[in-house]
Amino acid sequence: METFNHIDIKKYTREDLLYLRNTNNVLFKMFQKQVDEIACLSSKEQKLCGTLTSINNIINENYTIYCLIHTDGLIGFIKIGEKNLYLYDKIKLHYGKCTCVLDFYILEKFQKRGLGIKIFNFMLKDNDISAFCLCYDNPSYKLQNFLKKYFSPCVLIKQPNHFVIFSNYFKNVSIKKVYERISN
């Protein structure tokens, strides 16, 4: 098994990307191209027609992207952001602003080397949040297995909106973030 030294994790917010675009457009375009390439692979893995991630999407929607960077360039990312979602807990319908994992992909050559959990834990720590408090946008089979492997025991609950939550999501999310509404 090949070891990969010199792997960094970098966080880019909307403000970071706007600053990069305004101060070093050449570097911005190169980064944009790398994100687009990995986003295409992520979409292909999920059997989607279009891509979920682009620099413009991150800027326009005020999302955050965490990037795994190797000496050769970008090798993977996690995109997170807040979304207003309706979620069911089998009894009640909840509505609120939820922190979501919107896209997660690592180049195949770099998978199964502990880099996924490394970037995932970095993102969790940076946001002071638990994996059980996140919503996952239409996670691929690989992402579901990743969650089961590292956050076991877990039961993932599919929502009608294609998001997935952990079965104990409502026990972990503060009432300030999710408001209850009686479902009819």
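Cβ atoms here come from the backbone N, Cα and C positions, even for glycine.
Feature annotations, courtesy of Swiss-Prot:
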BINDING   104-117, 140-149  acetyl-CoA binding site
DOMAIN    1-170  domain 'N-acetyltransferase'
SITE      GLN46  site 'Crucial for catalytic activity'
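Structure with Swiss-Prot features highlighted.
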residue	record	contacts (Cβ under 8 Å, 6+ apart)
GLN46	site 'Crucial for catalytic activity'	LEU52, ASN138, SER140
PHE104	acetyl-CoA binding site	SER42, PHE77, ILE78, LYS79, GLY116, PHE120, PRO139, LEU143
LEU107	acetyl-CoA binding site	ILE38, LEU41, ILE75, GLY76
TYR141	acetyl-CoA binding site	none
GLN144	acetyl-CoA binding site	LEU156, VAL164
LEU147	acetyl-CoA binding site	ALA131, TYR136, PRO139, CYS154, LEU156, PHE166
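Between the binding-site residues PHE110, ARG113, GLY116, GLY116 has the most other Cβ atoms inside 10 Å of its own Cβ, all protein chains included.
In the three-state DSSP assignment, the secondary structure recorded for PHE104 (acetyl-CoA binding site) is strand. Mean predicted confidence for the domain 'N-acetyltransferase' (1-170): the pLDDT average there is 91.
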